[in-house]
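Engineer: So TrEMBL lists the following for this protein:
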- K154, Q217, G249, D280, K423: UTP binding site (BINDING)
- H250: substrate binding site (BINDING)
Amino acid sequence: MTYSAVLPCCTEYLYFSNDHIEVRNSNIVTKLIFKELQSNTNRMAQFQEVMRQQLESSMYADLEKLLSTAKGAEAEVSKKDFEGFRKLFHRFLQVKGPSVEWSKINRPPEDSIQPYDKIKAKGLPDNIADSLNKLVVVKLNGGLGTSMGCKGPKSLISVRNENTFLDLTVQQIEHLNKTYNADVPLVLMNSFNTNDDTKKILQKYRHHRVKIHTFNQSRYPRINKESLLPVAKDMAMTGENADVWYPPGHGDIYASFYNSGLLEQLIAEGKEYIFVSNIDNLGATVDLYILNHLVSQPNGKRCEFIMEVTDKTRADVKGGTLIQYDGKLRLLEIAQVPKAHVDEFKSVTKFKIFNTNNLWISLSAIKRLQEQNAMDMEIIVNPKTLDGGLNVIQLETAVGAAIKCFENALGINVPRSRFLPVKTTSDLLLVMSNLYSLEAGCLTMSERREFPTTPHVKLGSSFTKVQEYLTRFESIPDMLELDHLTVSGDVTFGKHVSLKGTVIIIANHGDRIDIPAGSMLENKIVSGNLRILDH
């Protein structure tokens, strides 16, 4: 008896008989002799393995074709990128189910997540510059501002007093270097989407007391969901190839940092740790107490990785959390959770903390793990639909997922103020308001606010794009006493508006609400139609 099956690659065929499987395509004919593997289970396993091998073979052949179209320096960079992609694709094909067994998840031991106050109680050394001179600040700068309606790198969006995310970062580090007579450099991990625009803008910081380095994230090919082959036909990035490449998540930092040669250079300069964070997290500033905790450890027990976590609220239920798994501290993301346990994962009573993505990592440990090929991070499969309707997948990794690979890893439960991301115009309204004061690039909650919690702000779709959002506020309202703000529909705010307590403003479709200049709204619901017309 003989029967056949078509592989997803479309050009390969499998022929089964009682004693072998034969794989045929235009290039190869492969026979796999069964010998004693006669059971259906073993045949299926054999079939799956043949499929994996064929998919890998087809993928590798396509990658080689792509590389043959690269020119000059691009060819060498792309070759290194594709080496990383091949490893990721190989691991993707090996995955046979959830990356965690729910029954093996345990709460982390108490001493593995330290309260920030305990770290702070150790105080600071006499010579802070010695500690700072061992540090490098790394900002993840691969994202575009498209979700907020902006072109170019997100880091170049103005967020406060005409200062961009990048301006504030440079001001923070320059202040440290001047205050303590230190040499803390800034490193930006760019992507192919942000590199050119970022490099142009760096000219403006030439006279600041901050050394700025950049390196590029890898460029990986998007994969056709059906064929599991690259969509790209050559290495070009314009025209029909404009959306066939992607930067593979911030977990790529380890390989791309190492491949750039910058990691080795910084180690040679005496640097020991990097402080990594998202450039849009305005709370992620250098903390001298955490740094001191790192550099003051005895050599044999040096902590190689610190993850800053903070208490979870109902707004953070999807954030990754720390667990104990197979005797190691490990990051658990919602994508890894079996569907039956998602509600349990979102519980703020069982999983009380979440990852801020503020990370402190040993440079020498990154070097060791890269050279040992021991950096193990769970694969995130990110489905996308291209403009033409083609379904693709992106294989990504998260930087925090590597925590399990490092020695003496630790979580520190930090104040919520160290997590101040700006992902939407709702977040932007908060950081532009009088809730925060700005000094030396750092935003801190105003002392005039009587309680430390941040108001919950939800602006509707009319406010999504930054430019439109800005036209709807003649000036940013006073929000010192605000708890909750919801705005929906065509709404504008005049100058010197004050919002207190819970304020809900809803303009129905076709209606418009203009909040008059000087208005004070306290615990109010405003709806219907309110127009203020000039005469």
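Positions of Cβ are set from backbone N, Cα and C atoms, glycine also.
Whatever TrEMBL says is automated annotation, not expert-curated.
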Engineer: Give the distance between the Cα atoms of K423 (UTP binding site) and the residue listed as 'substrate binding site', rounded to the nearest whole Å.
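Structural biologist: Cα-Cα, rounded: 16 Å.
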Engineer: Looking only at C-alpha atoms, tell me how far K154 (UTP binding site) is from the residue listed as 'substrate binding site', rounded to the nearest Å.
Structural biologist: 15
Engineer: What are the non-local neighbours of D280 (UTP binding site), defined as same-chain residues 6+ apart in sequence with CB under 8 A from its CB?
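Structural biologist: G143, K154, S155, F165, P421, V422, K423 - these are the non-local Cβ neighbours of D280 (UTP binding site), listed in sequence order.
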Engineer: Have a look at the binding-site residues (K154, H250, K423) and report the one with the fewest Cβ neighbours inside 10 Å.
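Structural biologist: Selected from the binding-site residues K154, H250, K423 on minimum Cβ neighbours within 10 Å: K423.
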Engineer: Are there residues of the same chain, six or more positions away from G249 (UTP binding site), whose CB falls under 8 angstroms from its CB, and which are they?
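Structural biologist: The list for G249 (UTP binding site) reads I380, N382, E396, T397, A398, V399, given in order along the sequence.
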Engineer: Please report the number of other Cβ atoms within 10 Å of the Cβ of Q217 (UTP binding site).
Structural biologist: 27
Engineer: If you measure every Cα to Cα distance among K154, Q217, G249, D280, K423, the residues said to bind UTP, what is the biggest one in Å?
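Structural biologist: Between the outermost Cα atoms of K154, Q217, G249, D280, K423, the distance is 21 Å.
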